């Protein structure tokens, strides 16, 4: 890994990270603040006004009455797919394909650093920034629920939610990173990175609507992360984490490998 | 030492470079010339490890240009044909960043860098994207030379520079050569090569059509002169000595003369009263007509 390049990555992308940290923390804070310890009756009443299919698609058909379950449904249900997806698409493209596309990658290659070293640095920044994002969310969640509803949050389950969501996002990030390494053109890098993630997302939404479409869930990466199962203690955390880590590593290695041998148009 | 053995890199539409063989010895300056699109930049991209050749081997100091690109960069300075810098970076910030990427700390070795900045009057305040094209080229020059590299790979290094800066650049190259640096300079401008290089390789459509001593190339050069005579000249004399000419009016002529026969032309013209004698600026195609026509005959 190249330290000066890593520092440049932080400098170039800190603003993007801060925006997402801020937005997601705000969202999480508001959701925790909305929690009513006397029951989720009001929210259930409101949801009953909406079409059943929509509620199912939003993964809100079963809401746990505890605070952890409430956060699990409302924040780690759909929000946790959407915001990080956008973050990964933007960052993945910025880290590699953008510089290749505009030619500035050549500046890096005129220094005595191998392509592999440079590209590994870029991939590690992606992983690092996602870990920072989820660490902040974890701390924000702990702090706000500790302030509003002391002693109500199940900290170990909340940690598991964040750990799995973090590894899911790293996998998502590695999908974008891989396409960013593979293509020299930002249009293709963005198109494939975003395209695949949007398809996964749609499959996940559709799989919740009815039994006829439930099979689509099997083809979506996002279905591997089920916040309700984690809250209920039904999910095998180790398997999920090892699965995400394995896919991430494979994508990382494939991205680095593809970048190491390709002809660069810079 | 730079060496290529049969390197081939094909692009669509029969473009690319084909079986290139050349050698630049340590301490030698090699001019790599040819018109735009002949394959100069493609060759340099192989040397810099940006592309791998589909055939053949390119080495710098015995190191494979693709696999050992990082080790080669340690001893090499490179000016790309066109540099794209990072968005939003300031000039000083960029130079510091590149120095750190090269592994030298900020405080060390800025002496050479500062003298280059001064020499080329590089504007160091402000963002790179707001610089004019000639400033960007100066920045590329400073970046390539600031770590005192042993090997210099220069692709159209004087692109966009004004004549004063071009001549400062030529001086710099002459100094570097004196210090025993190995230099490969690709250009379509013969003037740059003329003053700096010992040997030239002439590239046409991806093939090296000639590798020669600079003096020999110069003698092959076809020069063209615009001449106005006071009276209708004796054309028989011109024909007899084998000079080609074009007549524009009764007294205005363009006379073509090979580089090693200028003396003969002067002798022929001494019998006439010459009012105007202008040497024509030539394109590279005209200069290397001899090589090009030879190539055409062989093909």
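Cβ coordinates are placed from backbone N, Cα and C, and glycine is handled just like the others.
Automatic, uncurated: that is what TrEMBL annotation is.
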- Query: According to TrEMBL, which stretch among A:47-69, A:70-92 corresponds to the feature transmembrane segment?
  - Reply: A:70-92
- Note on the structure: Spatial neighbours of the transmembrane segment (A:14-34) not adjacent in sequence (6+ beyond its ends, CB under 8 Å) are 43, 67, 70-71, 74-75, 79, 83-84, 86-87, 90-91, 94, 129, 132-133, 136-137, 140-141, 144-145, 148-149
- Message: Quick test of the contact rule: Cβ under 8 Å, at least six residues beyond the ends. What residues does that give for the transmembrane segment (A:124-149)?
- Response: 1, 6, 9-10, 13, 17, 20-21, 24-25, 28-29, 32-33, 35, 37, 67, 71, 84, 87-88, 91-92, 95, 155, 158-159, 162-163, 165-166, 169-170, 173-174, 176-177, 248
